[in-house]
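Engineer: Below, the features straight out of Swiss-Prot:
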BINDING   13-19, 41-43, Arg306, 332-334, 414-416  GTP binding site
ACT_SITE  Asp14  active site, proton acceptor
BINDING   Asp14, Glu15, Gly16, Lys17, Asn39, Ala40, Gly41, His42, Thr130, Arg144, Gln225, Thr240, Arg304  IMP binding site
BINDING   Asp14, Gly41  Mg(2+) binding site
ACT_SITE  His42  active site, proton donor
BINDING   Ala300, Thr301, Thr302, Gly303, Arg304, Arg305, Arg306  substrate binding site
Amino acid sequence: MAKNIVVIGTQWGDEGKGKLVDLLTEHANAVVRFQGGHNAGHTLVIDGRKTVLHLIPSGILRDSVTCLIGNGVVLSPEALMQEIGVLESVGLSIRDRLIVSEACALILPVHIALDNAREAARGGKAIGTTGRGIGPAYEDKVARRGLRAGDLRDTAGLPERLRELLDYHNFMLTRYYGAQGVDFQETLDSLLDLGGKICPMLGDVAGILHRYQSAGENVLFEGAQGAMLDIDHGTYPYVTSSNTTAGGASCGTGVGLLNFDYVLGITKAYATRVGNGPFPTELLDATGEILTQKGAEFGATTGRRRRCGWFDAVLMRRSAKLNGLSGICLTKLDVLDGLPRIGICTGYRYDGQEIDTVPIGADNYARCEPIIEEMPGWQESTAGIRALDDLPANARAYIRRLEETTGVNVDIISTGPDRQDTIVIQNPFAAG
């Protein structure tokens with residue numbers, strides 16, 4: 001029987017989704033991205049070789065898997081072709097296995113210019129975007145003035161639509177932000193060139209997924225960023241511009257909600273956040289520095305240093321409800337090796353009261369102080385362990401406590417960056 005499995009990040013992104021998608025595609029016929037853009041950075045390590053993907057689904061490293069980019073993704077034609085070029089340079093076949101939705105909103109150079117101009121204008125109140133034009137492209141999509149991937153086929157009508165869009169945005173860039181405008185002819189020439197390469201890969205992704213469902217094919221839906229960066233449910237305004245929760249898999253691909261069978265939440269054994277925004281369990285001491293350095297907590301897309309802190313069970317309970325999690329994949333357990341004590345946030349102090357929920361809004365959330373429960377650490381190495389019983393006793397106790405405090409079973413444990421450094425307790429494709 002066909003299984004549709006959704007993989008999402010449960011925290012603030014960078015949880016290790018790429019590795020798990022790559023691992024699970026052994027059982028999948030297709031992998032589809034459903035939101036975000038090339039602001040994502042999914043790092044895969046296979047047989048010691050590191051690959052970082054930003055836009056193309058993580059299943060691309062398996063020759064038998066079809067990869068799709070759904071309508072919920074904002075697509076940079078330039079970034080897509082650059083990524084294809086990098087993968088083809090190491091001998092991978094890409095273009096015959098990649099299908100891009102005609103309904104994808106396009107990211108243009110003017111969106112990048114707007115993104116950077118806005119962040120500069122915000123100064124100390126900057127959101128901390130990746131500067132890739134994601135937000136402005138989503139704005140144009142919602143305002144119904146943006147270009148879509150299918151428009152690349154209409155070479156006759158493209159110039160007029162592009163000029164209208166650039167006139168609108170260049171007015172804002174030059175008159176309001178005092179920045180340089182974006183050149184029309186240069187943008188048009190680039191789009192026509194890139195369009196000729198991308199158009200053969202365009203297709204009706206929703207229709208293809210419907211056919212897969214009818215044919216009994218397994219499909220993996222790959223989320224980007226994390227649930228607490230969701231435009232509606234995250235720590236607004238320090239969020240991304242798309243729905244990063246599991247519900248985004250439906251509207252971002254055209255697959256109905258009742259067709260999803262399992263939602264796997266990828267969760268670090270501690271917490272990280274990149275950019276600005278409230279982070280109650282953040283560690284600004286030597287332990288935080290250990291997590292940063294040992295966990296190599298630097299962004300795959302921007303190289304920015306990630307802030308590190310203890311696991312937040314309050315946030316995870318919220319995330320579990322928002323996403324309807326079926327199970328958790330716990331990643332980077334090995335980063336905690338050697339710590340004498342490990343903390344878990346089980347509640348917050350908020351305006352003098354103890355609460356066990358996440359307040360709405362960044363200003364309210366910033367007033368929360370974590371209530372930390374400490375557990376003994378372990379000195380043994382967990383790196384590369386592939387059987388649950390081989391983990392140190394204190395590591396197993398830590399995992400059990402995470403299950404108790406979040407209310408969700410840990411079905412998979414990642415003990416290292418390589419595809420095989422994994423303990424699979426319950427395979428989502430085999431779940432009843």
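Easy rule for this one: first residue shown is 1, then count along the chain.
Cβ atoms here come from the backbone N, Cα and C positions, even for glycine.
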Engineer: Is it possible to get the count of other C-beta atoms within 10 angstroms of the C-beta of Arg306 (substrate binding site)?
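Structural biologist: For Arg306 (substrate binding site), the count of other Cβ atoms within 10 Å is 19.
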Engineer: Which one is it: of the binding-site residues Asn39, Gln225, Arg304, Arg305, whose Cα lies the shortest distance from the Cα of Gly13 (GTP binding site)?
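Structural biologist: Result: the closest of the binding-site residues to Gly13 (GTP binding site) is Gln225.
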Engineer: For the binding-site residues listed here, Thr130, Gln225, which shows the highest count of neighbouring CB atoms within 10 A?
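Structural biologist: Max Cβ neighbours within 10 Å, all protein chains included: Gln225.
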Engineer: Out of the recorded positions listed (Asp14, Gly16, Asn39, Gly41, Gln225, Thr415), which are within 10 Å of Arg306 (substrate binding site), Cα to Cα?
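Structural biologist: So the list reads Asp14.
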Engineer: For the binding-site residues Asn39, Thr415, work out the Cβ neighbour count at 10 Å and name the residue with the minimum.
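Structural biologist: Selected from the binding-site residues Asn39, Thr415 on minimum Cβ neighbours within 10 Å: Thr415.
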Engineer: Counting Cβ neighbours within 10 Å across all chains shown, tell me which of the binding-site residues Lys19, Arg304, Arg305 comes out on top.
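Structural biologist: Comparing the binding-site residues Lys19, Arg304, Arg305, the most crowded Cβ belongs to Lys19.
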Engineer: Using DSSP, would you call Leu333 (GTP binding site) helix, strand or coil?
Structural biologist: helix
Engineer: Sort out for me which one of Gly13, Gly16, Gly41, Gly303 has the most neighbouring CB atoms within 10 A, since those are the binding-site residues we care about.
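Structural biologist: Neighbour-count leader: Gly13.
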Engineer: Work out how many Å separate Gly303 (substrate binding site) and Asp14 (active site, proton acceptor) at their Cα atoms, rounded off.
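Structural biologist: Each residue's Cα considered, Gly303 (substrate binding site) and Asp14 (active site, proton acceptor) end up 12 Å apart.
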Engineer: Need the DSSP three-state call for Gly16 (GTP binding site) to compare against my parser.
Structural biologist: coil
Engineer: Going by C-alpha distance, which of the recorded positions Asp14, Gly16, Lys19 is nearest to Arg305 (substrate binding site)?
Structural biologist: Asp14
Engineer: Which of the recorded positions Asp14, Asn39, Gly41, Gln225, Arg304 has its Cα closest in space to the Cα of Leu333 (GTP binding site)?
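Structural biologist: When the Cα distances are compared, Asp14 comes out closest.
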